[in-house]
């Protein structure tokens, strides 16, 4: 059938509507109906000419030998015949040849209904993208493409998972966004090479069980998943680094999510999560980016401070009332927040910091407090190492018979409590008692040991404080020395005939310089732990993670007229703000799935932001919906950016409700939201709507 289409298209001078020849579109579906015809008549001649020129520019001739072909938005019904050139002639299709060169074929946003078997004439095809077409199934012969690794078939018409995909064993990346898939077959486990899977915007009710074992990136956003419990996530936790569960219906984070120890990016946007369990969050040691916007969270667990790799955390649209109170109402100056500001349990923060400070005791070290000769105990500044070594260090601390300490001059009395040989009174000989000792004597011994342990703990904290100060001072001096060495190098380059007095000091090898620079970068990226002494003589720990970004102030829509808001898609995500401002209706002028159908009433107008799109036909329906929303509470109108489609819908309502002309409605709308910019096609339709209103 495919060959007949090609032969027919290449021999007839008058081709069927929508046919393709040499990669150029020769005609397509026209708008039908009275509304569409009126709209076409309203377009100016110059606009039509511009559209034809744009269409010609979009067409791309395939150059023989090219490895990539783009044919997006071409209204193709089939794969262009021009691609099958340059190689051995096919026996099945005599007019076509094998193309060994083509490796990437991208035909998104066309009208392809099926994948023809002649695609097997592209044996080295590595990337096939047929997104936004009209596919309903995947043929079995596609598995003959042994080099195919990336397959993109999102935004098609699949009502169930295409089983033949499970036979393409070479796949490493599969994209099936925006279909109607409800589950995954067991055969899907056969794709052992699959690393990147996107099932965004489908109808999954739960996290699928049949996830291949080596998945690294998993996108399950915008489904109907209500439970975060999943055995499959535990099974793939060894490889999983990116997980997207945003725009679902998750209310609780199951303890099984503690398995995500290798995940670096976790997205939980737009769910119904109220609490983040500390035991779960504290397990995400590798986490770099954590997205939690537009949930119902009012408090972060203190364990978040232990995530030493965390650099970005998004908390927008949540219920952090304490942080809201800190913002001055009359100042536009941005306020800087620390992660501790979002944690209510401050005592737990300090406890965690103390518990995760690493003390490494040394042995056989003699301290002379008179001449200030002492040995500095080496510790690590990374929280990761602190946590990993904590238990071992605690055990060493109890077993070691000697310890090195550094004391201030005002702590000499405490120093006297340690004997001259620094022997701790914790050995069996120090507290050897007879079997007939009384119970009272045992209690006294226990108290004595406890006092000794408390004294040691105080000394350790003092030691750590001084040690950190010394390390900071040493770090500064090293930086000074490094800068001095660099200046000397520059100076010697300017005076090539003069020899440096100390060649070892000034002539640093290039490899050594790189190592020093890398070491400095690593030091900057590591968390810094400092101890400070408060006025109450209580030692406090401050843990600072440099370069950490916290997002929590979300974008809100603009009020155009009473009870009518205009904004972008993010504004429609902010359920807390919407509920606080009594919004009951949401008009979405784009192809977006309702996020909170249980909280708000939605009207979805599926229309693209292009000049040719017919928004005029939806004015009546949209105006009635906006009217209803304003009567019951308030209405938000949004598209993707809140600039063109939603702005046009807003102006149409203002024109209808107040009997205003287009320019008057435009002035009102742009005053409330200065960034609006409707496309020329929408403007022409609004002007036509004006004529209809004033007939």
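Note: Cβ is positioned from N, Cα and C throughout, glycine not excepted.
Residue 639 (active site, phosphocysteine intermediate) carries neither a helix nor a strand DSSP state and counts as coil. The Cβ of residue 639 (active site, phosphocysteine intermediate) lies under 8 Å from the Cβ of 568, 569, 588, 589, 590, 609, 645, 646, each on the same chain and at least six residues away in sequence. The annotation active site, phosphocysteine intermediate is assigned in Swiss-Prot to 639 on the grounds of sequence analysis.
For 413-426, the entry in Swiss-Prot reads compositional bias 'Low complexity'.
The domain 'Tyrosine-protein phosphatase' annotation in Swiss-Prot covers 556-695.
If you look up Swiss-Prot, you'll see 413-438 (among others) marked as region 'Disordered'.
What Swiss-Prot records for 492-519 (among others) is region 'Disordered'.
Per-residue pLDDT, averaged across the repeat 'LRR 1' (101-122), gives 96. The feature repeat 'LRR 1' is assigned by Swiss-Prot to 101-122.
Residues or ranges marked as repeat 'LRR 2' in Swiss-Prot: 124-145. Long-range contacts of the repeat 'LRR 2' (124-145) within the same chain, counting only residues at least 6 positions beyond its ends with a Cβ under 8 Å from a Cβ of the stretch, are 100-115, 117, 151-159, 162, 164-165, 167-170, 175, 177.
Look at Swiss-Prot and you will find 147-167 tagged as repeat 'LRR 3'. If one looks beyond the repeat 'LRR 3' (147-167) by at least 6 residues along the same chain, the residues whose Cβ comes under 8 Å of a Cβ in the stretch are 103, 108, 123-140, 173-185, 187-188, 190-191, 193, 198, 200.
Taken from Swiss-Prot, the feature repeat 'LRR 4' applies to 170-191. Tertiary neighbourhood of the repeat 'LRR 4' (170-191): same-chain residues 131, 145-161, 163, 197-205, 208-213, 219, selected by CB-CB distance under 8 Å and a gap of 6+ residues from either end.
Taken from Swiss-Prot, the feature repeat 'LRR 5' covers 193-214.
The repeat 'LRR 6' annotation in Swiss-Prot covers 215-235. Through the fold, the repeat 'LRR 6' (215-235) approaches residues 177, 194-209, 241-254, 256-257, 259-260, 267, 269, 593 of its own chain, all at least 6 residues removed from its boundaries and within a Cβ separation under 8 Å.
Look at Swiss-Prot and you will find 239-260 tagged as repeat 'LRR 7'. Within its own chain, the repeat 'LRR 7' (239-260) is flanked in space by residues 195, 200, 207, 213-231, 233, 266-277, 279-280, 283-284, 286, 291, 593, 595, which lie at least six positions past its ends and keep a Cβ under 8 Å from the stretch.
Secondary structure of the repeat 'LRR 8' (262-283) per DSSP (helix as H, G, I; strand as E, B; remaining residues coil): 4 helix, 3 strand, 15 coil. The feature repeat 'LRR 8' is assigned by Swiss-Prot to 262-283.
Nonlocal intrachain contacts for the repeat 'LRR 9' (286-307), taken as residues 6+ away from its ends with a CB within less than 8 angstroms of a stretch CB, comprise 241, 246, 261-279, 313-321, 339-340, 342-345, 348-349, 351-353, 356, 383, 387, 543, 551, 554, 573-576. The repeat 'LRR 9' feature in Swiss-Prot is assigned to 286-307.
Marked as repeat 'LRR 10' by Swiss-Prot: 309-330.
DSSP states for the repeat 'LRR 3' (147-167), grouped as helix (H, G, I), strand (E, B) and coil, give 5 helix, 3 strand, 13 coil.
With DSSP states grouped into helix (H, G, I), strand (E, B) and coil, the domain 'Tyrosine-protein phosphatase' (556-695) comes out at 67 helix, 20 strand, 53 coil.
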